[in-house]
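Database features (TrEMBL):
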type	residues	note
DOMAIN	A:72-283	domain 'ABC transmembrane type-1'
TRANSMEM	A:20-41	transmembrane segment
TRANSMEM	A:76-98	transmembrane segment
TRANSMEM	A:105-126	transmembrane segment
TRANSMEM	A:157-183	transmembrane segment
TRANSMEM	A:203-225	transmembrane segment
TRANSMEM	A:261-287	transmembrane segment
Amino acid sequence: MSTQARSRSLMRGFYPSWFLAPAVILYVIFFAVPTLVSFYFSLTRWTLFDHEFIGLDNFVEFFQDPQLLKGFTNTVIYAFVTSAAKIVLGMSLGLLLTSSLIGRGYLRAVVFFPVLVSTIGIGLTFKSLLDPFHGIVNGALGAVGLPQPGWLTDPNLALLSVAAIDVWKGVGIATLIYIAGIVAIPEEYFEAARVDGASAWRIFWSITLPLSRPATTTVVILSLIGGLRSFDLIWATTGGGPGYSSDVIGSVIYKQYQAGFYGLSTAGNVVLFLVVTAFVLPVFAVLNRKQVDL
Amino acid sequence: MRGVRSTLRACGFGVTIAVAGAALAACGSSDDSGAGGKTEISYLVVAREGSKAGAQAEIDAFEKANPDIIVKLDTFPEGADGDNLVKTKLSTGEMDEVFNYNAGALFRALQPDNQLTDLSGEAWAADLPDSYKKVVSTDKGMYGAPLGQSSGGGVLYNRKVYDQLKLSVPTTWSEFIANGQKIKAAEPDITPVLQAYGDAWTAQVPVLADFANVTKQDPAWAQGWTAGQKKFGQSPALTAFTHLEQLGKSGLVNKDYASMTNIQALKALADGKGAQYPMISDQLPTIAQDSPDAVDDIGFFALPADDAANTTATIWQPGGLYIPRSAEGDKLEAAKKFVAFVSSSEQGCQIQSDTGVAIGAFVSPVCKQPSDVSQAVKDVQKYLDDGQVAPALEFLSEVKGPNLDKITVQVGSGITSGAQGAKQYDDDARKQAQQLGLSGW
């Protein structure tokens, strides 16, 4: 073994590997073990007092559930609507807040503020704002003679209303990421383009948009995962209702758990895990490959 | 799996992520006997308006009578979250020495034979009416002592509105709808029938409170349902769903039905802005609290069947006091004393009457209803005296689907038809029956 190699292994061993132990122990106890155990319990009928192995029956049951199909399509709609809106709005706000603007710092804080508020708090606040008869939103619409829809109580509107609240809450993060991405683009490109007489539109289309792709990737991944796993906001505003009309996979699983179907709800979590992986892995691969190609 | 299960038992370890906080908290709390030779037990009640004050009054009186026992009060949340907390506490051996919980189907889901202490040998048990013993018993034992009163499910109505429009209490469904139309025609500002899907559970009442009418037509229906033979998708039980659909389409319901909450509906009823509200009389304390002057304006009638001969009030039994298996030795003795005191001593009954609002009839023969009860309670009592009552389904069968609230919201809102809703509920109940390991499903 050469001296160089030995010194490298010494460098690697500079921190004893047991420094990892606290993190590994916590990870194993609170993440790895429950995850593995949950794979087993998803194959059982579990009452918390005892359990009986029933093979794949829970999965069969889960996919026959009338709520699930609705919950599944709703989840996909919700994830894509919120992701798309966060990209478009986040990008626009990011551009606006990186330009020279009076009160830029203040506006950045304002856009980011909803991110800091508790989701349940936001849900309950909007539930009262959007109340069809006593809410301030419909009060304002009524005052100027516009129709007053049942934002959270109309089965056709409920899901989209919650998605809109989600966008209001989450666009601050997307904006922040875009601001960082846009600021990181070297100023020389813009100068060169301006010297060549490029229009603002051309600069955006040919420089800002392609060079902020890492930011876009991050926003897409984060909001897609967030959208697929969405639960808290929906639970606080509509509880999946009216009926099943705004149920998502997360709320369907929680309802199974509430009902005491512990095996079934664990199976639902396994399904959710697989669905999120199935959506996010390809998206991640595609977006990252393009980044390398660039 | 034995290893995993014993770990779960040992310290509520990783039970499920959602309840881990509660389980760990329970782990941390010490349940050592109090100092100075006193025995300390704890008493778990549901965190509901008024329940805590009543429980504390019982504890104060009990501690005075038994200076060597200390009782600590503990609460758990109402609804499905509470059900899970109770199950988690039992399965981890962390349950309070005495706890108050539903009788009937929810009680049976606790696996009483493995989890609870048999109380059939207690002195008070012999005097309990059979109708109550049944709902806190399995084949192997009797586990619960009654706390509180049974209540009636049907329609709460505003008697002032009825008097003013000279309406009489309907005994058939068509009379009920006709009354609604008369109210609508005469007083457009008064909602004929209140619905409050802002609290989805209230949507179940028109179906649950119709069950006595089903029993009247087919006395063995509940057994057939448990065995997987009788279905809501077929007559006579189907009627409840089709009536709900009809009600939703009748134009007699308040416009803000989708967002109105139960408390708002009770207030509207008491204020005379609504005339009728399908509900259970256990909600009367809310009216007594929010609209004390209107208590005697409220009356009760059974949810009408198609045929007047079948119109019967549905009765809900009160929850019980239970002692878990994990209570042993001195604590078990103290817990038994406390249960007997609260449920079946004259002093305990007096405190129940003083701190609670009457909602129906006491179950324990020791407890006597005061004479100055509200009109709705008198109406419920009349059905009981006439024998025009039958228990709610959850006291006759352990099969209760968990999604009845969402399904009835869909039917009442016109998202699905009554027949579709009934079919969905049959499927929903199947999952519960399978979870309980019943045959025939």
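Just so it is clear, glycine is given a Cβ too, placed from its N, Cα and C backbone atoms.
Unlike curated records, TrEMBL annotations are generated automatically.
Within the chain carrying the transmembrane segment (A:105-126), a Cβ under 8 angstroms from the stretch's Cβ atoms is held by residues 93, 96-97, 152, 165, 168-173, 175-176, 179, 232-233, 235-237, all 6 or more beyond its ends. Highest Cβ contact count with the transmembrane segment (A:20-41) among the listed stretches A:76-98, A:203-225, A:261-287 falls to A:261-287 (criterion: pairs under 8 Å). Sequence-distant contacts of the transmembrane segment (A:76-98) (same chain, six or more residues past either end, CB-CB distance under 8 Å): 104, 107-108, 111, 159-160, 162-164, 166-167, 170-171, 173-175, 177-179, 181-183, 204, 208, 212, 215-216, 219-220, 223-224, 226-228, 230, 248, 279.
Sequence-distant neighbours of the transmembrane segment (A:261-287) (same chain, 6+ residues past either end, Cβ-Cβ under 8 Å): 38-39, 41-48, 51, 54, 58-59, 61-62, 72, 75, 79, 213, 216-217, 220-221, 224-225, 228-229, 249-250, 252-254.
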